[in-house]
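Engineer: Just dropping this structure here.
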Amino acid sequence: MENSPRYREATNLIPSPRCHNSNNSCGMSSSSESNKPPTTPTRHVTTRSESGNPYPTTFVQADTSSFKQVVQMLTGSAERPKHGSSLKPNPTHHQPDPRSTPSSFSIPPIKAVPNKKQSSSSASGFRLYERRNSMKNLKINPLNPVFNPVNSAFSPRKPEILSPSILDFPSLVLSPVTPLIPDPFDRSGSSNQSPNELAAEEKAMKERGFYLHPSPATTPMDPEPRLLPLFPVTSPRVSGSSSASTS
């Protein structure tokens with residue numbers, strides 16, 4: 001009876017104790033597999049990583065209907081929009097390895113720490129801008145009580161002295177009066193000319209169109225400059241040969 005085919009089939013259906021300890025449902029898998037119809041191969045993800053390559057290559061098998069969803073699932077960011085979170089992924093798809101997806105390497109946002117140097121520089125720049133605008137619209141009036149030396153720190157002088165020098169501004173200090181003296185740079189000698197010479201000079205200006213300034217006799221005259229010949233009359237070769245022949 002032990003050699004009959006029915007007894008052999010019954011012994012094959014008895015689950016093994018090893019399988020019973022690991023999973024209770026694996027004992028009936030052999031009988032259920034014979035009754036299941038042939039199913040289509042599920043989509044799987046294979047990862048091929050080379051030694052020393054931090055970015056492994058992922059191969060995904062998908063059809064045209066779910067290709068877009070698989071690409072978004074593998075390359076999408078960790079924070080998806082609200083309308084994308086409501087869509088549930090297809091249970092037939094295998095979840096990719098979280099170590100191979102870039103979403104696991106999310107960098108935390110950097111907290112903006114206020115810099116003291118930047119705040120101080122911006123405050124100083126704002127103060128400088130205000131100071132420039134106030135200097136553009138500045139109007140100085142010595143009679144104004146604002147510029148009174150009692151109320152201001154420009155000068156500790158008496159308030160009855162109303163002059164531009166009370167503000168201690170160099171540009172407002174009055175310049176000294178220059179006395180009216182003969183021009184030392186006037187070399188025309190018009191002050192030493194007689195009325196006859198002035199009349200002759202005016203006549204020459206009307207007739208000839210130039211000024212008549214006679215040079216004083218006391219001016220030392222330089223000797224006439226020596227004029228060098230531009231084109232020599234004799235050749236140096238000829239002069240050298242003639243001198244050699246005479247010697």
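Note: Cβ is positioned from N, Cα and C throughout, glycine not excepted.
For reference, Swiss-Prot lists these features for the protein:
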type: COMPBIAS; residues: 21-37; note: compositional bias 'Low complexity'
type: MOD_RES; residues: Ser16; note: phosphoserine
type: MOD_RES; residues: Ser106; note: phosphoserine
type: MOD_RES; residues: Ser155; note: phosphoserine
type: MOD_RES; residues: Ser163; note: phosphoserine
type: MOD_RES; residues: Ser175; note: phosphoserine
type: MOD_RES; residues: Thr178; note: phosphothreonine
type: MOD_RES; residues: Ser215; note: phosphoserine
type: MOD_RES; residues: Thr219; note: phosphothreonine
type: MOD_RES; residues: Thr234; note: phosphothreonine
type: MOD_RES; residues: Ser235; note: phosphoserine
type: MOD_RES; residues: Ser239; note: phosphoserine
type: MOD_RES; residues: Ser243; note: phosphoserine
type: REGION; residues: 1-128; note: region 'Disordered'
type: REGION; residues: 184-247; note: region 'Disordered'
type: MOTIF; residues: 67-76; note: motif 'VQ'
Engineer: Just counting, how many other CB atoms are there within 10 A of the CB of Thr234 (phosphothreonine)?
Structural biologist: 8
Engineer: Can you break down the motif 'VQ' (67-76) into helix, strand and coil residue counts using DSSP?
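Structural biologist: Split into helix, strand and coil, the motif 'VQ' (67-76) gives 9 helix, 0 strand, 1 coil.
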